[in-house]
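What TrEMBL says about this one:
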TRANSMEM  A:17-37  transmembrane segment
TRANSMEM  A:44-64  transmembrane segment
TRANSMEM  A:84-103  transmembrane segment
TRANSMEM  A:110-130  transmembrane segment
TRANSMEM  A:160-186  transmembrane segment
TRANSMEM  A:209-235  transmembrane segment
TRANSMEM  A:255-272  transmembrane segment
TRANSMEM  A:284-311  transmembrane segment
TRANSMEM  A:317-336  transmembrane segment
TRANSMEM  A:348-375  transmembrane segment
Amino acid sequence: MQFLQTFAGLFANFGNLTWQMVVMWVIGGLLIYLAIAKKMEPSLLLPMGFGAILVNLPLSGAITQGTTVGPISALFDAGMSNELFPLLLFIGIGAMIDFGPLLEKPWLMLFGAAAQFGIFVTLVLAGLFFDLPDAASIAVIGAADGPTAIFVANTLGSKYLGAIMVAAYSYMALVPIVQPPVIRLCTTKKERLIRMPYQKGSVSKTTKILFPIVVTMLAGLVAPASVALVGFLMFGNLLRECGVLNALSETAQNVLANLITIVLGLTVAGQMTADKFVRPDTLLILALGLVAFIFDTAGGVFFAKLLNLFLPEGKKINPMIGAAGISAFPMSGRVVNQMGLAEDNQNFLLMYSISVNVSGQIASVIAGGLILTLMSSCV
Amino acid sequence: MSTALLPVTLSMLCAGMAGIFLVLGVLVLGVYALNKFFSGK
């Protein structure tokens with residue numbers, strides 16, 4: 001009898017299992033499936049999916065239980081609550097980006113600005129359902145930029161970090177599905193057929209070196225809250241462009257970025273506990289994230305159409321390139337190029353769409369910083 | 001659902017879009033200037 005009681009004790013933890021935890025296992029499994037089978041942002045979705053299962057086991061030792069500190073909670077305190085992980089990841093991302101084609105045609109940066117429209121529209125909509133810090137955090141899903149979304153949501157102390165991250169990374173991976181219908185809806189066949197011959201320009205090495213410094217100073221002066229985000233991104237880029245720190249640049253692009261990505265996904269999953277995630281709010285956040293991506297795309301396209309009103313025939317812009325102004329790199333740039341080729345197999349928009357896409361990376365970081373600056377002046 | 005935040009969020013929409021065009025607009029001009037001054041260097 002004593003044996004049976006002792007043996008049954010092995011299964012006592014089953015009593016702590018809730019249906020919400022099972023839902024999170026399913027969500028975790030779905031994320032792992034999307035990462036492996038569909039190759040959707042696997043570097044993030046796989047750790048997040050596994051982490052979602054890990055932290056939703058009853059009394060999981062991976063997260064803090066009572067006074068016992070769990071490793072994922074410790075990672076959160078060490079690198080997320082102080083925004084260190086997303087910032088370090090930005091060094092790696094900055095080192096990966098070649099701003100050269102964008103610097104040849106700097107005017108393309110304006111499309112990056114226009115394509116942040118979805119962030120601010122979503123802010124208005126989210127403000128109808130959430131308090132201002134949460135609404136602003138949800139709006140930044142529209143930045144289509146994971147580290148920026150983490151940084152802003154964390155800085156504003158949002159309790160929806162897990163849902164925001166899942167929405168941000170899922171929609172980034174779903175860009176090839178989300179963007180084309182919106183682009184088609186916002187453009188005519190004639191506009192999609194506009195050809196944009198590409199003439200290669202030249203950019204000096206000095207310009208490439210000065211660019212990250214100028215961007216940091218400018219963004220820091222206008223939106224001081226963004227200076228950490230922009231600064232770390234641009235520091236990474238300076239490592240790349242300076243030409244004397246190739247080893248550091250390669251380390252940032254590979255070792256640093258990969259290392260941070262591993263712990264980032266798991267740490268974010270620490271916020272995906274059933275009590276925080278399985279709520280009606282999560283569905284609303286996913287819906288608002290979709291709205292953000294739709295309005296980002298429409299914002300970029302309509303900005304191009306607006307410019308076309310003032311441009312002479314033969315100089316018109318294919319409005320589809322505006323849609324590439326979101327930060328999801330390089331998916332968005334490729335999607336626009338493929339759509340151009342689908343309409344006219346001789347219409348190569350890649351150089352423009354990728355340049356606009358790169359500008360979206362700068363713009364999304366600055367938009368995140370502006371949100372923080374505006375929040376500090378509003379609250 | 002509450003519309004109490006609408007005045008704040010709408011003003012943030014306008015200020016945010018103005019801000020981002022301002023920053024990137026200045027950046028565009030800055031890059032043109034850099035390209036002009038440092039062409040070929």
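From the backbone N, Cα and C atoms, a Cβ is placed for every residue, glycine too.
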Candidate ranges A:44-64, A:160-186, A:317-336, A:348-375 - greatest C-beta contact count to the transmembrane segment (A:84-103) (under 8 angstroms)
A:348-375
Residue numbers, six or more beyond the limits of the transmembrane segment (A:209-235), whose CB comes under 8 Å of its CB atoms:
83, 87-88, 90-91, 93-94, 97, 99, 103, 147-148, 151, 155, 241-242, 361-362, 365-366, 368-370, 372-373, 376
Apart from its near flanks, which chain residues at least 6 from the ends of the transmembrane segment (A:255-272) lie with a Cβ under 8 angstroms of it?
24, 27-28, 43-52, 54-56, 62-63, 72-73, 75-76, 79-80, 85-86, 88-89, 91-93, 95-96, 150, 161-162, 165-166
The answer for the transmembrane segment (A:110-130), taking Cβ pairs under 8 Å and residues 6+ beyond its ends, is 136, 138-143, 281, 284, 288-289, 291-300, 302-304, 321-326, 356, 358-364, 367, 371
Please indicate, using numbers and ranges, the residues of the same chain that are 6 or more beyond the transmembrane segment (A:317-336) and have a C-beta under 8 Å from a C-beta there.
97, 108, 111-116, 118, 142-145, 148, 171-173, 175-176, 179-180, 182-183, 186-187, 191-192, 194-196, 293, 296-297, 299-305, 307-308, 311, 347, 349-350, 352-354, 356-361, 363-365
Sort out the residues at least 6 away from either end of the transmembrane segment (A:284-311), same chain, that have Cβ-Cβ distances under 8 Å to it, and list them.
110-111, 114-119, 121-122, 125-126, 129, 138-139, 141-142, 144, 160, 163-164, 166-168, 170-171, 175, 178-179, 182-183, 186-187, 191, 317-326, 356
Surrounding residues of the transmembrane segment (A:160-186) on its own chain - C-beta under 8 Å, 6+ positions past either end
27, 31, 34, 38, 40-41, 44-45, 48, 134, 137-138, 140-141, 143-146, 149-150, 153-154, 192, 268-269, 271-273, 276-277, 281-282, 285-286, 288-290, 292-294, 297-298, 301-302, 305, 319-320, 323, 326, 328, 331-332, 334-336, 339
Please report, as numbers and ranges, the same-chain residues at least 6 past the borders of the transmembrane segment (A:44-64) whose CB is under 8 Å from any CB of it.
13-14, 16-18, 21, 24-25, 27-36, 70-73, 146, 165-166, 169-170, 173, 261-262, 264-270, 272-274, 277
